[in-house]
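Here is what TrEMBL says about this protein:
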type     : residues : note
REGION   : 1-111    : region 'Disordered'
COMPBIAS : 1-10     : compositional bias 'Basic and acidic residues'
COMPBIAS : 19-29    : compositional bias 'Basic and acidic residues'
COMPBIAS : 43-52    : compositional bias 'Basic and acidic residues'
COMPBIAS : 53-62    : compositional bias 'Basic residues'
DOMAIN   : 245-275  : domain 'FAM50A/XAP5 C-terminal'
REGION   : 279-298  : region 'Disordered'
Amino acid sequence: MSSDGLERNLAKGAVGFMSKDDYKRKREELEDDAAMAALRKSIPSEEKADERKKKKKDKKRPAGILSFDDELEGDGEASPSLAPKRMGKCQNVDTAGLKKNRREEEEEAARQEAAMREFLAAQRRAREEPLTLQYSFRSAATQRELPNAVHRASVTVKRGDSAEEVARAVHRDTESLGEKFLPKSISGIREEVDCMLVLNATVPESATPVTQGSFLIPPTMTMIDLAAVKWVEGAPLFDMLNVIVVERRWYEQMRHTYPYSQWKFFESRLTYSQKEFVSSRNSGSGVDPVAINRAGRR
């Protein structure tokens, strides 16, 4: 199912009031259903198999031989053919490469569907696993109210949470600092503050992680997605346990100053080389992603 089709089905199923958790659960169910439908579509059905066999049989059947003798006025008749003798299976022959019969195909399809269901269930379990993050939060309020302008603490999220959800969880955790850190509310309606997640790229060989640079993460990428991202050289790209969250308005206001000027937007379609990363950083040009299609270099 395309993303547009998924969104349409999600809109149909999300009629009326629906909480964020219910909406997320509904989306996961539709994604699982789409994966199962794609699997079933890839497995030939009995009707299609029978139709292919019939076409193949009709193609092999010899055409009738007509008689053109002037003395015979009747229509031509098909020449008789001898049916081949049915032979039994030879137990000593490897039949792994032969076409499976219907029962074997059904058993194989059932095994594939069971494996897909187990895979989807494992994905759901992985998304629900807790993940404790050490965070640094930066905003106009922290700049104004805190001695070091940064609030540091920890928060527990889920591995399946998106960057946007993690940033929101961190911001809500900072509300415990006091009234000055609470968002504005109008007529009892809370104003959600737009925040951004920032992850550090580190040196994998170092005993203590050394920051190579920092990336502003797209809001829809999940923590599971980010944990799978690697350098071209093969090591994990991000430090997944120590994160930065910044209020977007504060970032836009201060992006020309350090350290905000060193943050670059992460693009999942690009690859990143640790060697070129360090070289670009030392030259003062910041993060230099290695484009996949860059002039034949990769």
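Every residue, even glycine, has its Cβ placed from backbone N, Cα and C.
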Local confidence of the domain 'FAM50A/XAP5 C-terminal' (245-275) - pLDDT mean:
92
The domain 'FAM50A/XAP5 C-terminal' (245-275), counted residue by residue under DSSP: helix, strand, coil:
12 helix, 7 strand, 12 coil
